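Visitor: Before anything else, here's the structure in question.
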Amino acid sequence: MSGHRSTRKRCGDSHPESPVGFGHMSTTGCVLNKLFQLPTPPLSRHQLKRLEEHRYQSAGRSLLEPLMQGYWEWLVGRVPSWIAPNLITIIGLSINICTTILLVFYCPTATEQAPLWAYIACACGLFIYQSLDAIDGKQARRTNSSSPLGELFDHGCDSLSTVFVVLGTCIAVQLGTNPDWMFFCCFAGTFMFYCAHWQTYVSGTLRFGIIDVTEVQIFIIIMHLLAVIGGPPFWQSMIPVLNIQMKLLPALCTVAGTIFSCTNYFRVIFTGGVGKNGSTIAGTSVLSPFLHIGSVITLAVMIYKKSAVQLFEKHPCLYILTFGFVSAKITNKLVVAHMTKSEMHLHDTAFIGPALLFLDQYFNSFIDEYIVLWIALIFSFFDLIRYCVSVCNQIASHLHIHVFRIKASTAHSNHH
């Protein structure tokens, strides 16, 4: 899933005082703020300066986008002008995550059948996220609250949503019965999203394909509804001629989509560098971002195949979420590198979680792998949130704006 249409929409807002931007913090708020803040600012003074100079550039449009524009325009017209674009995005993301967690709760191995209402909730949650994610930029332009932080915030939410969307899809079709296929589909989704921003880091322009995130999301919503209508018998039925189970059809579509998308991405990566001698926008090697995503996938494959207790097969959802949080963080760092025209460094605390799993296996599972997986999951999630909060706060402070609140002067002028 390429997952990047939404950024055409806006560039939101932020806050110098706190992650949420609701004014003065209580003592509890101060403690939480320190807990979720990095000890040192993640961005340098030069990066912040270059961030100010960043201008969003995009090219192309997807198949369904023109058809959906009427609905999106109608929807944004129903939103009060005092609601901040980033608040719209985070509400949609929260709904998307909560509905997917319902499926994870009922189907921890992606082989079980959840209550029918859970699939309906997941389909609705994804549609709500897709809708809100599409109008946040329109709201930003409508309220004159566009800023570089909004673009970063939007990409960050998309990077996390991608993890939950692909996981929810695998659960809906009960792909846990085919662990290799489930592994491929989940990591292909996060890899394609990363590549979309990799080629942006190289060329300076975010490109949209004819089949993009809107089309993929509609397809996934349909699959959730098919899980309601047909249930397990539908996904277990055989496809004539091909002689494969119906559940493998989405997986084969993922293979085709990955080949098609990556062909376009790597054509830009190898030939579209706008820096000196065809380098990235930051003047670095066009291949340097591969080290990060390559390390994540390599560790994921090694731990999956070397596990003596079938860690992935027994706990696929926890496994995907753990590595998904790691992928989301390095994707966010890639977006930051693009927007600040700076180099990506390989050393990162994001790799600590996977490293714990790797070392535990190296020492013959000195600690139960399941316990280490939970530790890695919690650490990776905390590490991701801490980085995102710190970056948002620092940029907000620098730009003198709010994360989830529109400045009173801006809101007042637009109200009239």
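Any Cβ shown, glycine's included, is placed from N, Cα and C.
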Visitor: Which of these, D133, D180, does Swiss-Prot say binds Mg(2+) 2 at the same site as D154, D158?
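Guide: The candidate from D133, D180 that Swiss-Prot ties to Mg(2+) 2 along with D154, D158 is D133.
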Visitor: Do you know which of N144, N277 is annotated N-linked glycosylation site by Swiss-Prot?
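Guide: The candidate carrying the N-linked glycosylation site note in Swiss-Prot is N144.
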Visitor: Using a Cβ cut-off of under 8 Å, list the residues of the same chain at least 6 residues beyond the transmembrane segment (156-176) that approach it.
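Guide: Result: 1, 3-4, 6-7, 89-90, 92-93, 96-97, 99-101, 103-104, 107, 109-114, 119, 122, 126, 129, 133, 182, 185-186, 189-190, 193, 213, 217, 220, 223-224, 227, 232, 235-236, 246-247, 250-251, 313, 316-317, 320-321, 324-325, 327-328, 331-332, 335, 384, 388.
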Visitor: Please figure out which one of 116-133, 180-199, 349-363 racks up the most CB pairs under 8 Å against the transmembrane segment (210-230).
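Guide: Looking only at 116-133, 180-199, 349-363, the most contacts with the transmembrane segment (210-230) come from 116-133.
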Visitor: Using a 10 angstroms cut-off on Cβ to Cβ distances, just flag whichever of T40, N86, N144 is the loneliest among these recorded positions.
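Guide: Comparing Cβ neighbour counts within 10 Å for the recorded positions T40, N86, N144 gives T40.
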Visitor: For H155 (active site, proton acceptor), identify the closest of the recorded positions T40, N86, N144, judging by Cα separation.
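Guide: So, of the listed recorded positions, the one sitting closest to H155 (active site, proton acceptor) is N86.
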Visitor: For the transmembrane segment (368-388), give me same-chain residues lying six or more residues beyond its boundaries with a C-beta closer than 8 angstroms to one of its C-beta atoms, as numbers and ranges.
Guide: 36-38, 42, 156, 160, 307-309, 311, 314-315, 318-319, 321-323, 325-326, 328-329, 332-333, 349-350, 352-354, 356-357, 360-361
Visitor: Count the CB pairs under 8 A between the transmembrane segment (315-334) and each of 180-199, 246-267, 286-306, then give me the winner.
Guide: 180-199
